[in-house]
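*Asks:* Would you mind keeping the following structure in view while I ask a few things?
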Amino acid sequence: MRKLSTTSGPLRRVKKNVFDRIQILQWLPRYTKLDFISDFVAGLTVGIMMIPQSIAYAGLASLPAQYGLYTAFIGSYTYVFFGSIKQVSIGPTSLLSMLSFTYLEGYSVEYVIFLTFLTGCVELTMGILNLGFLVDFISPPVTSGFTSAISIIIIGSQIKSLFGLKIAAHSFFELIVSVSQNITNIKISDTTVGLSSMLFLFVFKSLTKIKVKSKITKKTLWLLSISRNALIVLITSSIAYYYCQKDGHAPFVLSGKIPSGLPHFSLPKFSTIHNNETMHFTDMLHTLGSGILVVPVCAILTNVAIAKSFSSETIVDASQEMVTLGLCNLFGSCVQAMPSSGAFSRSAVINASGVRTPLQGIYSGTVIILALSFLTPYFFFIPKATLAAVLISAVLSMIEYEILPVLWRTNKFDFFLAVVTCSVGVLYGADLGIIIGSVLNLLILLKEWSRPNISITLSTWGRRSNTYLLIKPEFGLCYPARDLLTEKIMEAHKQHPTLPMVLDCSGILKIDYSVAEALSNLLESYNKENDTLILINLNTRLLGTLEKLMNKEKMGYCQSNSMLSDNIFSTKNHEETKLPLLGA
């Protein structure tokens with residue numbers, strides 16, 4: 001019996017780890033008929049939505065339409081087994097498609113698949129090592145500026161398809177110049193289709209705002225609203241098909257031929273040919289540059305944000321979400337997929353459809369596979385102007401202009417961060433925008449750590465009005481703040497040499513060696529000269545650190561205000577006044 005118990009412990013841990021990673025094992029045994037019906041409806045709904053969306057996002061990355069569909073089905077299937085949030089749908093997104101285009105414009109599809117593989121590797125590694133906290137260093141203002149920049153770039157990139165223009169531009173500024181120079185070459189037919197499609201999409205998006213009493217009518221309006229992308233693609237494709245049958249060609253630019261069937265499962269290529277030159281693994285890495293980190297970090301940011309948004313009742317395991325996202329992209333690279341993550345638009349539809357479990361991904365993925373198997377001949381007739389309208393209407397809501405007035409009122413530096421990130425991203429590239437925004441963000445954090453607010457107040461206690469200097473740092477002290485703390489204490493003592501000093505450590509959870517050494521030196525110096533310096537409200541960790549550096553008997557400290565010596569202070573009738581000359 002004893003031998004059995006020693007082996008059961010490790011076995012239980014292994015079983016727990018397996019169940020934590022393969023999430024389907026937790027909920028599948030309890031799967032019910034009602035779960036099936038709810039998931040089937042949700043999966044079918046989002047699957048229909050994903051078909052035109054995936055085609056449009058592939059075009060945004062300057063790839064043939066089938067690669068968007070490959071991304072949609074493999075992401076949907078993989079998340080079922082490892083994902084923990086029922087509302088998440090993994091597939092192509094406007095953000096990752098635009099980033100793929102930004103880094104790999106002019107390169108073959110092998111580079112995009114290679115980027116998908118590396119994205120999966122980075123995400124999986126971060127998840128296994130629990131490095132999700134690194135993403136927290138990118139503040140919401142930087143994220144807001146970055147997504148707004150991407151949205152503006154996407155809208156700009158679709159203008160040429162919306163108006164039927166044939167122009168080439170490598171930056172947003174060049175695009176605006178090219179459009180203005182070619183404004184006379186705008187094709188009326190493409191423009192009519194594009195603008196009509198946008199109007200249709202905006203009107204149908206607003207259908208859910210119509211107040212009706214009938215539940216059936218309300219559900220019908222909701223269904224029409226979420227199916228608006230598929231509906232406009234169906235309508236305009238039918239018009240294009242009619243013209244092709246009647247005149248032999250359509251009056252507007254079409255998507256073109258899309259091969260049918262599923263891709264072969266194989267490892268991505270780690271070398272390829274570019275401009276008649278063999279590009280090896282290291283050459284491909286060099287080409288991707290910062291995209292190796294920017295793309296996976298953006299995917300993680302999006303997925304974790306979606307998971308937290310739709311799982312308010314449960315705690316999100318960010319590490320598991322990163323592992324799952326990594327596996328989705330690793331498997332995706334084996335079926336020629338683009339980098340993928342969740343999308344708020346898909347999650348909102350899934351949530352509204354009454355989803356019960358992540359198994360909805362099986363049904364949505366199956367819809368994509370059926371489309372690849374049987375509908376690809378009809379994708380030829382989808383007008384590019386319609387796909388441009390789908391993309392523009394999708395990303396308009398991602399321009400977070402409404403946050404700017406709030407940032408201006410609350411924190412002007414956050415406002416500055418958002419504006420700089422967005423402006424640099426639009427003018428010089430989204431990757432440079434988020435890098436500069438993140439660097440500025442880190443500089444501010446470093447400034448806060450190295451120059452924490454240290455308040456100094458004159459406090460009086462008791463009926464005898466005993467006065468002392470209260471010195472209170474606001475948070476933990478690290479070595480860059482060592483000199484600042486020393487200067488503050490010495491300055492306070494210089495201006496009031498007869499008053500005892502009390503350093504309130506209630507806001508300090510931990511200190512490093514340098515600050516601990518500085519404190520021990522100050523304690524020994526002042527107490528040796530009969531100038532009182534007392535530490536109060538120390539936690540066990542702080543006390544243990546200081547005791548290792550100095551003699552406990554020489555250390556003046558109290559656990560709380562009430563323990564201050566009665567012959568110096570009284571704990572009654574506490575009054576406190578700010579000391580302007582010694583403020584932080």
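Residue positions begin at 1 at the first shown residue.
Cβ coordinates come from backbone N, Cα and C, glycine included.
Because TrEMBL annotations are produced automatically, they should be read as predictions rather than curated entries.
Residues or ranges marked as domain 'STAS' by TrEMBL: 485-547. TrEMBL lists 40-60, 67-91, 111-134, 146-168, 220-243, 284-306, 362-381, 387-408, 415-446 with the feature transmembrane segment.
For each listed feature, how buried is it and what is near it?
*Replies:* Beyond its flanks by at least six residues, the transmembrane segment (40-60) meets 66-69, 71-72, 76, 89, 91-94, 97-98, 101, 154, 157-158, 161, 223, 226-227, 229-230, 232-233, 255, 338, 345-346, 349-350, 353-355, 359-368, 371, 375, 379, 382, 384, 387-388, 390-391, 394 of its own chain at Cβ-Cβ distances under 8 Å.
Outside the transmembrane segment (146-168) by six or more residues, the chain places 59-60, 94-95, 98-99, 101-102, 175-176, 178-179, 182, 185-187, 189-191, 194-195, 198, 252-253, 298, 384-385, 387-389, 391-392, 395-396, 398-401, 418, 421-426, 430, 433-434, 437 with a CB less than 8 A from a CB of the stretch.
Beyond the transmembrane segment (284-306), the same-chain residues lying 6 or more positions past its ends with a Cβ under 8 Å from any Cβ of the stretch are 85, 87-88, 93, 95-96, 99-100, 102-104, 107, 111, 114-115, 118-120, 122-123, 126, 132, 135, 138, 143, 146, 270-272, 316, 318, 321-322, 325, 329, 339-344, 347, 431, 434-435.
Proximity of distant same-chain residues to the transmembrane segment (387-408), defined by a Cβ-Cβ separation under 8 Å and at least 6 residues beyond the stretch ends, is recorded for 52-53, 55-57, 59-60, 94, 141, 144, 147-148, 150-152, 154-155, 158-159, 161-162, 194-195, 197-198, 201-202, 205, 229, 232-233, 255, 345, 414-415, 418-419.
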*Asks:* Take a look at 111-134, 220-243, 362-381, 415-446 and tell me which one has the most Cβ pairs under 8 Å to the transmembrane segment (67-91).
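*Replies:* The listed stretch sharing the most Cβ pairs with the transmembrane segment (67-91) is 362-381.
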